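J.: Structure in structure tokens, see below.
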């Protein structure tokens, strides 16, 4: 027989197999975030090979990042099939895309193979990994998210020197073949994503099948009734109900009512603005170092330094964000992290020589890790775990436009002025503005929430007082009815009894 709690959804275990899930998310999220940045090692050589400009070669990473973030509809696949098969299929797509890219003969073919195919495969790795952590953890969710997000700097720290080694020994075509084989490890990571409550799912599926059979019988009966001309209006009603059911199914996967949520809109606008300058500095950091005369391995080592600091910053930020002092104010902490990131880019043109770029990489890695560790935690804090899947899908769809335009705009500035400093200044100004906007608007949101809560409590108190007054009036009316002229003989008898009792 099914267990007693078969009808209820299982709660987050906050441990156990959840840590294996965190490791799988560590691998898949690491590849999803780090791989587009690690490809920047090959850009200078691919640019010379095809004879393209900085803005044209930047479209490779830009399309890949935009596809990775813009495929927010894969949350529909997660709701339908679960995280495990979606991530495994995404790993297979990543391998196919990179192996195909090794045989490309034009920059347009690279856009398709590396940008779209590999980018879509990484999207199928990223969002299911984030979603399943929210199902396995509740109390320890910030720590679990911080550990899973640490996969990005670990992979970037490894990929940057590995890509340079592969290029020196096999060229960019041979490197793409090997990287395609490495990306197949995402299938292994996806195999760890065991769904919660497999037994309950089977019970629910049986109930759904029984419900479908009963619905089919009802539909058949309705069809027989609708065959007569007298039942024509019923047909119009069923069409309206069918349209309503279709809208309900869409809202089940992507909850568009979130656009009425004030906190979600503030988060969305701030993040869309932030991503206009979020990835361009990483994409152009190694080419910038080569441009000012730094050797190839030292330029690649800058990405490793950034990744090492990022690796330490993410879990540390997760622990700090989970503390009782910061978690109630996590939106302010997130806003500060974005503004700090922008300040680092604004100060980057002041760095002269390799030592200055190392200092910039350290602070950039710290700021980048702080933002990434809280990127999804702040969203879940605003909308809740129940609406988080739809919120991730809607946010990533909206963000893909600015992610797509960010690196090419930076490349256009480099082509126009012949200097990288204008690209860093643009990215820094945009991110500082986004952090300031989020800080001010979150303060406004918290004030409005407190005011609305106060008004709600006042309304509840007023309704309670109205209820007590109405109850008092009803009681008074009952007493007056009982004291009517019909009951005067009873009153006289009661008074006589009282006198007798007093006399005795």
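Glycine too: its Cβ is placed from the backbone N, Cα and C atoms.
Pasting the relevant annotations from TrEMBL:
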- 453-472: compositional bias 'Basic and acidic residues' (COMPBIAS)
- 488-504: compositional bias 'Basic and acidic residues' (COMPBIAS)
- 18-446: domain 'Major facilitator superfamily (MFS) profile' (DOMAIN)
- 453-504: region 'Disordered' (REGION)
- 16-35: transmembrane segment (TRANSMEM)
- 86-108: transmembrane segment (TRANSMEM)
- 114-134: transmembrane segment (TRANSMEM)
- 146-166: transmembrane segment (TRANSMEM)
- 172-193: transmembrane segment (TRANSMEM)
- 264-285: transmembrane segment (TRANSMEM)
- 297-313: transmembrane segment (TRANSMEM)
- 333-352: transmembrane segment (TRANSMEM)
- 358-376: transmembrane segment (TRANSMEM)
- 388-410: transmembrane segment (TRANSMEM)
- 422-444: transmembrane segment (TRANSMEM)
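Where in this structure would I find these features, and how exposed are they?
T.: Using a Cβ-Cβ cut-off under 8 Å and counting only residues 6 or more beyond its ends in the same chain, the transmembrane segment (86-108) has close neighbours at 24, 28, 31, 35, 46, 50, 52, 56-57, 60, 74, 77-78, 114, 116-125, 128-129, 173-174, 176-177, 179-181, 183-191, 193.
The list of residues near the transmembrane segment (264-285) in space but at least 6 beyond its ends in sequence, with Cβ under 8 angstroms from a Cβ of it, reads 36-37, 40, 43, 54, 58, 61-62, 65, 69, 258, 302-303, 306, 335, 338, 341-342, 345, 348, 357, 361, 364, 368, 371, 375, 378-379, 382-383, 391, 394-395, 398-399, 401-403, 405-407, 409-411, 414, 420, 423-424, 426-431, 433-435, 437-438, 441-442, 445.
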J.: Any chance the transmembrane segment (172-193) and the transmembrane segment (333-352) have 3 or more Cβ pairs under 8 A, given the pairs are 6 or more apart in sequence?
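T.: No, the transmembrane segment (172-193) and the transmembrane segment (333-352) are not in contact.
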J.: Below 8 angstroms Cβ to Cβ, which residues of this chain, lying six or more residues outside the transmembrane segment (16-35), approach it?
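T.: 64, 68, 87, 90-91, 94, 118, 122-123, 125-126, 128-130, 132-133, 136-137, 144, 147-156, 159, 179, 183, 185-186, 188-194, 307, 372.
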J.: Check the transmembrane segment (333-352) against each of 114-134, 146-166, 297-313, 358-376, 422-444 and return whichever range has the most CB pairs under 8 Å.
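T.: So the stretch in question is 422-444.
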J.: Which bits of the chain, at least 6 residues beyond where the transmembrane segment (358-376) starts or stops, bring a Cβ under 8 A of a Cβ in it?
T.: 33, 130, 145-146, 149, 152-153, 271, 274, 278, 281-282, 285, 302-303, 305-315, 317-318, 321, 330, 333-334, 337-338, 340-341, 344-345, 347-348, 351, 392
J.: Looking at the stretches 114-134, 146-166, 422-444, which one shares the most CB pairs under 8 Å with the transmembrane segment (297-313)?
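T.: So the stretch in question is 146-166.
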J.: Sort out the residues at least 6 away from either end of the transmembrane segment (114-134), same chain, that have Cβ-Cβ distances under 8 Å to it, and list them.
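T.: For the transmembrane segment (114-134), the list is 18, 21-22, 24-25, 28-29, 31-33, 35-36, 39, 59-60, 62-72, 74-75, 77-78, 83, 86-87, 89-98, 100-101, 141, 144-145, 148, 183, 186, 189-190, 193, 376, 380, 385, 388-389, 392-393, 396.
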J.: Could you tell me what the rest of the chain brings near the transmembrane segment (422-444), counting residues at least six beyond its ends with Cβ under 8 Å?
T.: 263, 266-267, 269-271, 273-274, 276-278, 280-281, 284, 331-332, 334-349, 406, 409-411, 413-414
